[in-house]
Each structure stands twice: as structure tokens, then as C-alpha cells.
Amino acid sequence: MYVSSDNHTFPLPSSPGPPLLDPSCMVLSITLVKTFLNILMLAIRRKDACGSLLECFCMTVVFVDFLLLMVLSFIAYFRDFALWGVRFTKYHICLLPQILSFAYGFLHCPVFLLAGVDHYLNISKTSKVSPLGRNIFYFFTVILIWIAALAYVLGDSVTYVSLSKQPLSSYHCPFYVSIQSYWLSLFMVGVLLVVFGTCWSEVLTMTQSLRVISYMKETALYFPFAPDWDPMVICKKQLLTKLLICFLGTWFPFVFLQIIILFLDIRIPAYVEMNIPWLYFINSFLIAAVYWFRSHELKVTETILHMDPYVNWNFCFIPFTIHHTEKTEKTAAVIAC
């Protein structure tokens, strides 16, 4: 088997003899599972979330993966055929995911930066574009991102040499690892660990008084003994604590998985790693970061904070009291995850 890091390929040791499963069959199975997971994540997301650049990019990832699955299934069924003068064989079941892997590997950091700028403009309300105009802008921006990625991959001489000179045996199917996703994951996990180290005492205090309640037909986390705060000022450390609890309340299993992957240095193919759970994880991280960076502009009465399909952030900021509690004069911090 071959692994590529930053468009350089090197062999991994493998056991002699033919594998138990055909490599093309494994690629097809992995693509099927990934496509099903993408569709499942889209189906269970919050439907009232506002549109964003990253949300639009997620839709294109689902479409590209579904299209890849259909093409690979067609090739696997007919095995050897010609279409528009091009002969397709079982070799292409490995080649097409390789090309897509290079494109996915190139997209992590550009999408992360563009999505961060988009969230900052939307949350700070500096953009005056209408919703329709914003969606059109998102669509053409994502199309340009894909065109740039594919042009870079197909036009890069190093990538071309890697694809053309790698022998495809009957036992091995090359795959590629994105160095961008590794450093991006390391950065986000590092930030979360630093934040937890800064606010661990506040996190423990708040979680000890945690109660699960029902608010507006949604399950919410109620903190009746939240630290006192000025109703007109948002303390950065208190806000950071609430954002951390809100984020980990939804994404802790995924954060734990990222830590294991980084610690064990597990190599994941780029066409597998670019998936909808990973993109929504980035989306929640960016929203929390933008909220914290502009905390001096936030007002505790803000309610238009529905930017995340999975994490409900608005109860972090709205002061209100829960009926039938002993101390209703205190501000209650309620977080719905």
C-alpha cells in the first residue's frame, strides 16, 4: 500500500500474498459508508440554521461523494468498457479516488479560512447582502474553490508524476493523506486543550450544578448556580467557559477521536477524511471562536445566533429565569446541546 504526505508517496510495509478483500471492493465499500454517513448527518441537522459558505460546501461534498459512488459502482458492474473514447477498467476504481484525494487534501485550509471570514461577517452583521444574493455568492465561490482545487491537482507536475508512475498491482490500491488536515486537527485540538486548561475550575463548578430540563420542547442544560455577571457586560472568561461546555457537549466524542488519531498517528485517506462530520466540527469551532473574539460587541439579549446546525449557542447569552426555581432573581445560563 502507498501513502502520500504533501503529495509525496512512500510505501508502507504490507503482508505478502494476496489480501483477503479486493482493493477495488474495499474502496467501493468505504465510499458507500462515507456517502451514507454524509447523508445521515445532513438529515439529522437542525433545519432552521442560517446558510453559510461552509454549509454550501458541505452540499457539494455530498454531491461529489455520491457522484463518485455512482461512477465507481458503474465501473465495478461493467468491469471493462469504453465511453467517449476512454476505456474504463478496474484500475479507475483506484485512480478516481486518488485524484479526488489530492483535491480534498488541498481544500482543508482554504475552506477553513474562508468559512472563518464568512462567519465573522455574518455574526458581526457587517455584511448587508440579501439572503438570496448571499446564497448566490456562496454557490459561485464554492464552484470556484472546486475548480481551483482540481486545476491545481491536474496541473501540478508532482501530482501527475505520482499518479502516472505508481504501479497498481492486483493487491494494492494507493491512497493519499492530507498534511493540511493533520495540522488543522492538531491546531484545533491544541486550542481546545489550552481553553480547558484556562477554564477548568469554572467548567467543574458549572457542571457540578448541571441539571437537564425541557425548554421550548428541547432538551437543555440548566446551570442554576452560574457565576454572577453584569447583565450589560459579557465577561470573556465566563463566555469562554460557556462556549467550551456548549461545544464539548456536542462534539466531545469527535474531539476524543481526533486526539486518538493524532496520538497514534493514524493515516486516513484524504477522500475519507473530508466528510460532513469533520466539516460541521470545523463549523462549530469557527462559530465559537468568532463569538469569543467579538465578545465585546455581543449583548446578552441577542437572539439571532442560529448559525450552527448542531450546537444551539443562543442560550449562552440570553438571561432568563426558569419557573419553579428557588432563586429566580439570578441570571440562569441555559445551554441547549
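Positions of Cβ are set from backbone N, Cα and C atoms, glycine also.
TrEMBL annotations:
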DOMAIN    34-291  domain 'G-protein coupled receptors family 1 profile'
TRANSMEM  20-44  transmembrane segment
TRANSMEM  56-78  transmembrane segment
TRANSMEM  90-115  transmembrane segment
TRANSMEM  136-155  transmembrane segment
TRANSMEM  175-201  transmembrane segment
TRANSMEM  243-264  transmembrane segment
TRANSMEM  276-293  transmembrane segment
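Beyond its flanks by at least six residues, the transmembrane segment (56-78) meets 24-25, 27-28, 31-32, 34-35, 38-39, 42, 88-90, 92-93, 96-97, 100, 111, 115, 135, 138-139, 141-142, 145-146, 271, 274-276, 279-280 of its own chain at Cβ-Cβ distances under 8 Å. In this chain, the transmembrane segment (175-201) lies in contact with the transmembrane segment (90-115); the count of Cβ pairs under 8 Å, excluding pairs fewer than 6 apart in sequence, is at least 3.
Counting same-chain residues at least six beyond the ends of the transmembrane segment (175-201), those with a Cβ under 8 angstroms from any Cβ of the stretch are 1-7, 9, 97-98, 101-102, 104-109, 112, 237, 240-241, 244, 247-248, 255, 258-259, 261-262, 267-271, 273-274, 278, 281-282, 285, 289. Only residues 6 or more beyond the boundaries of the transmembrane segment (243-264), in the same chain, are considered here, and those with a CB under 8 A from a CB of the stretch are 182, 185-186, 188-189, 192, 195-196, 199, 203, 206-207, 221, 277, 281, 284-285, 288, 291-292, 310-313, 316, 335, 337. Per-residue confidence over the domain 'G-protein coupled receptors family 1 profile' (34-291) averages 81 (mean pLDDT, predicted model).
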